[in-house]
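The structure appears right after this line, and notes come after that.
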Amino acid sequence: MKYKRILLKLSGESLMGDRQYGIDNKQVLQYANDIKSVYDAGIEIAVVVGGGNIFRGLSAEKSGMDRAQADYMGMLATVINCMALQNALETVGVETRLQSAIKMEQICEPYIRRRAMHHLELGKIVIFGAGTGNPYFTTDTAASLRAIEIKADVVLKGTRVDGIYTADPEKDPTATRYDEISFAEVIGKGLNVMDTTAFTLCQENKLPIIVFDMNKEGNFLKIAQGEAIGTLVK
Ligand code: UDP
């Protein structure tokens, strides 16, 4: 196996499946099965889940809400998604721990870095909820931050697109995909697959990111085994 410890980032929207809002349990179960295949291969996995399928601070601000208040609501939304993923993972027989950056003692542990690492060493999948715990950040940044903290080997950003393109492939048919690209180029060209803070954190800490299509069954395992799928940012 190429990696010992992986941080997987799943956006909230990816949990919607074909729905326009909320959570599609079938989709979440498919992700759980994919994650299990990597887990069964002996790789340690931590997951950061977004909340955009339920609530986004920035969008709420545009309709008049206070940004910080809205961002806290967005962070709570991520915890709902984390609980859905936790449920699905346990349904397929994987032991998990959910840690939240905002304390919610009745449903999950608080985020404690050393404890998270210990869970991983004991073979549990750790799900990180509530992003960084701070407004004005994103769960992409949370993914980079947590990955660095727990000394993951790579951040895998699972999306519905199979990598980073020269332009938005849904709008520009001439767009081509990068197999590999540097952080400087991604930031310089404004290729907004993740936010700049997330990229910068990884760049400064020499942590590679792979952007790949998580909806293609088996892709996650192939990447974990070292196959060149998606776009590698380093
Ligand atoms: N959020 C935040 N701080 C964080 C992470 C998330 O304030 O550290 C809020 C923010 O409002 C964001 C929402 O939570 O819009 C959902 O997260 P995100 O948009 O990153 O989810 P995704 O796009 O991955 O579904």
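The chain as shown is numbered from 1 upward.
From the backbone N, Cα and C atoms, a Cβ is placed for every residue, glycine too.
For Lys9, Leu10, Ser11, Gly12, Gly52, Arg56, Thr159, Tyr165, Asp168, the entry in TrEMBL reads ATP binding site. The Cβ of Gly52 (ATP binding site) has Ser11, Gly12, Glu13, Gly74 as same-chain neighbours under 8 Å, each 6 or more residues away in sequence. DSSP gives Gly52 (ATP binding site) a coil state; it is part of no helix or strand.
DSSP classifies Asn134 (UMP binding site) as coil under the three-state reduction. Within 10 Å of the C-beta atom of Asn134 (UMP binding site) sit 15 other C-beta atoms, taking all shown protein chains into account. Marked as UMP binding site by TrEMBL: Gly51, Asp71, Thr132, Gly133, Asn134, Pro135, Tyr136, Phe137, Thr138, Thr139.
TrEMBL lists 4-213 with the feature domain 'Aspartate/glutamate/uridylate kinase'.
A Cα-Cα distance of 11 Å separates Lys9 (ATP binding site) from Thr138 (UMP binding site). The UMP site is set by Gly51, Asp71, Thr132, Gly133, Asn134, Pro135, Tyr136, Phe137, Thr138, Thr139; from the centre of their CB atoms, other residues of the chain with a CB within 8 Å are Gly57, Gly74, Met75, Gly131, Thr141, Ala142. Across the structure, Thr159 (ATP binding site) and Thr132 (UMP binding site) are spaced 20 Å apart at their Cα atoms. Ligand 1 lies within reach of Gly51 from the binding-site residues Lys9, Gly51, Thr159, Asp168, judged by a C-beta closer than 6 angstroms to any of its atoms.
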